[in-house]
Amino acid sequence: MTAHPEFAVIGAGAWGTALASLYAAQGRRVALVARDSTKAAALATTRTTPRLPGLRLPDSLAVTARPPEAPVTLLAVPFQHLRETLGRLPQGNGTLVLCAKGVERESGALGPEIAAEMEPRRPCAVLTGPNFAHEIAIGLPAAAVLAMTDDGARRDLVQHLATPRLRVYGSADPIGAALGGAAKNVIAIAAGAVIGAGLGENARAALITRGLAEIARLTEALGGAAETISGLAGLGDLILTATGSASRNYRAGLAFGQGKRPDTEAGVIEGIATAPALLARARATGCEMPVTEAVTDLLAGRITLEASMNRLLRRALRDER
């Protein structure tokens, strides 16, 4: 690279490649960082990836295996590799933007909590929302939310990340934004499972709505704002992920509902690792998450789908909240 990039995008999967292509196509200096030199060389040569069929990487997009210094580094690696990836970044004071969605399996930590531990001196933001990678990559219109506690830095970064086809809203609640993006994957598995088992659209709508309520409860318990979950980071992302056929978590649920194993070759299914970690975090705060508990037990083989649905339906009746 002859000049330092404006953006370094760590992770050359579908989401990282889509973001890198989006910003490179806008004339930004962008470096896409693959996990090893072999993959980087292949991407640099072919300018294509099987993760995003039909997309050709912009000629200006640099591809490398070594993370460069950059004013803004977007981390789009599978969530369970976030801590390791942060440990390999070059020293610097550039802003970190967390683009992966999940909860750390071992600790139950959210992305902003991991970043605060690993890189306490760096500004950190969460970029999330209802965004399928393939649609972003080809420039279809979309909206996202950029969550960061520093008001001035957030306003500047929103301007930096918005494009004519991606509208970016600001939020001062990175915990709520991160939790909404992580937990919706679990609820999407539940939604897919009931459709796969032929239990109907009513059941899916009920699970999505009650799943949203339990995400909001945990958000408040962790110090976030419940209203964050009614926006793009929560409701918007949940609607897309729990109904869209391109959602890996929804498709995993469909497979479970049909008595099959999910296809893990198409990409990481974050909700599978997130469910038990999220449930443990909820229990530690005394927060009830019955849908998440049902998904966790279903994934572990401790309960059948029919039994889990009966357990949810037979909970004590009460006012909705």
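Placement of Cβ uses the backbone N, Cα and C atoms for every residue, glycine included.
Take the sn-glycerol 3-phosphate site that Swiss-Prot assigns to Lys101, Gly129, Asp237, Ser247, Arg248, Asn249: the candidate from Lys184, Lys260 listed for it is Lys184.
Rounded to the nearest whole angstrom, the C-alpha distance between Glu270 (NADPH binding site) and Asn249 (sn-glycerol 3-phosphate binding site) is 7. Checked against Lys184 (sn-glycerol 3-phosphate binding site), the binding-site residues Trp15, Lys101, Ala133 differ in C-alpha distance, with Lys101 being the nearest.
In sequence order, Ala142, Ala143, Ala144, Val145, Gly181, Leu232, Ala233, Gly236, Asp237 make up the list of same-chain residues 6 or more apart from Gly129 (sn-glycerol 3-phosphate binding site) whose Cβ falls under 8 Å from its Cβ. A simple way to gauge crowding: the CB of Trp15 (NADPH binding site) has 26 other CB atoms within 10 angstroms, across all the protein chains here. Summarising the NADPH site geometry, the residues cited as binding it (Trp15, Arg35, Lys101, Ala133, Arg248, Val268, Glu270) extend over a maximum Cα to Cα distance of 21 Å.
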